[in-house]
């Protein structure tokens, strides 16, 4: 790596690491934004200082991802064909140093506050963490100053130790934080006699080691790659810290609910809870609260293409065969320059598509985690379907990155290479066809259930989806045989059909869902819960199928009438959008499930006791519906209800509690330390 900088250019290994790191950065941004949305939905009563800190970190990391995407475009597109190398550090990299510094220090100070709650009245553990966080701050400021003082990469070797220390200090701080919190809570767990209380403390210990362990492990990996790959691989660290912080904040849902169970058991043993049978067990299976019954908004990305300039990226001696030579660039005719500009426009559009696909993949990762977290009782066929969709979409997204690497790094500065398809581009239509086929088969099954097992409209959807998949496979074979843009002649209508047919299938699905759900609403007009359920399903269908239909239709039209640099980004994002909409439809059951009636159970038994794929188990539906209906709590139909509605009040919990478990409870309280338990009620 240092030899690359000493030569005044970014070598292929470092450039490849930088591009991959930026994709991972944007990937983590998508997942972190989902966590950020959940935080503000779940904890509206948190103290303003915590909400302001979370919002600040979110804004800083979002701007950082935008700056890195702009830097990728600047290095690999706008300077493509320009002989000078990397004459200095870019301001986007300076901002990334600032982003990592602010994020890591704020997160470490947050853990120092948590440690102060758990170790009071002892202050030496807090002092140790604060000192290490301040050391991290000082080293980060020194690194930033030295980066400004060393304008040329040829002199980076003189400050290499600063970068190394800047990566090692946060690792040491995270390890110390995990060790101190684990040590204190382990002592608390050994002193607690109640099994449930010990389980709560062990959960907090596990979450602490997971969050701090992730940041420490990433810091160690970046420190090692600093020597062998590239300086810029560290751009991922800020998003890792932000993601771990949000993970810790949102994990309070399950922790506080478990603490409520423990407190309820204590009160029942003391005979202070009226209306609850001592022999009645307190359920430990509550996994969602009313505040989690909110929709997960679809996130979309957009980008604009800009004109490209020329830049040649030289390589080290070992990789000179795959890069442009260091010799004088010959004069090119205007026609050749225009052709290169056109190809660079397509390459820039494809780079935008790659970054957007990785961003949506980060959102889909969160949606996948939500599905497997809350729908463990789903049929094995549904779980296999979700896993298959995730794998196909992941393979497609990774292949997009290989194409960008082929055009922008392995053959940087070589105009003939921009004409080649590489391997990922021809495979994409086939993978997209398979993905749309799987998702639309899922929706066809839903229509089959809603239509009382009518096969007309579901069969029509299946035919359209199968034809679209076949057109995608044909397009993949055609592109593979052509191998280059210049040899790709004919077949535009078949390529367009690989997008038109999925759009038509989405339109049929949307119309079918609307028609059948309106019929269901009309039949259930007397049942308020059923009307709300079907209206919610109708809106979910509009939010998912309508979005994919518009994207597929827009891609097909632009494919026929627009140049490559205009239409190219959209088809390569559709696969991830299909996956996200499918997962959103599945996860929306957190909002739409209602308590099954006796007639519904009888209908279920009449059909052999099986459920339609994609519906939760009956016991899960009963539990979730009772959590969403406050009137059930007053009737005492659920064991935890009387305690939740009457006894769990922050003012009833003493601020001067002496036991470790109550210290932990105090840390989650609104009036004492800034956290609120009211969000769960």
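Residue 1 is the first one shown; counting continues down the chain.
Even glycines carry a Cβ here, placed using N, Cα and C.
In TrEMBL, annotation is done automatically, which means it is predicted and not curated.
Annotated by TrEMBL as transmembrane segment, the relevant range among 304-326, 327-349, 350-372 is 350-372. Residues 213-237 are the range that TrEMBL records as transmembrane segment, among 213-237, 238-262. Here TrEMBL gives transmembrane segment for one range in the set 268-292, 493-517: that range is 493-517. Residues 10, 15, 18-19, 22, 25-26, 29, 32-33, 36, 39-40, 86, 90, 92-93, 95-96, 99, 102-103, 106-107, 110, 235, 238-239, 242, 245-246, 249, 306, 308, 311, 313, 344, 347-348, 351-352, 355, 408-409, 412 of the same chain lie 6+ residues outside the transmembrane segment (52-77) yet bring a C-beta within less than 8 angstroms of a C-beta in it. Counted over residue pairs separated by six or more positions, the transmembrane segment (158-183) shares at least 3 Cβ pairs under 8 angstroms with the transmembrane segment (89-111), which defines the two as touching. Sequence-remote contacts of a segment are chain residues at least 6 beyond its ends whose Cβ falls under 8 Å from one of its Cβ atoms, and for the transmembrane segment (493-517) they are 429, 432-433, 436, 440, 443-444, 446-447, 450-451, 457, 460-461, 464-465, 467-468, 471-472, 474-475, 478, 534-535, 537-538, 541-542, 545-546, 548-550, 552-553, 555-556, 559-560, 571, 574. Under the criterion of 3 or more C-beta pairs below 8 Å, with sequence separation of 6 or more, the transmembrane segment (123-152) and the transmembrane segment (350-372) do not qualify as touching, having fewer than 3 such pairs. Model confidence over the domain 'DUF6534' (171-253) is summarised by a mean pLDDT of 74.
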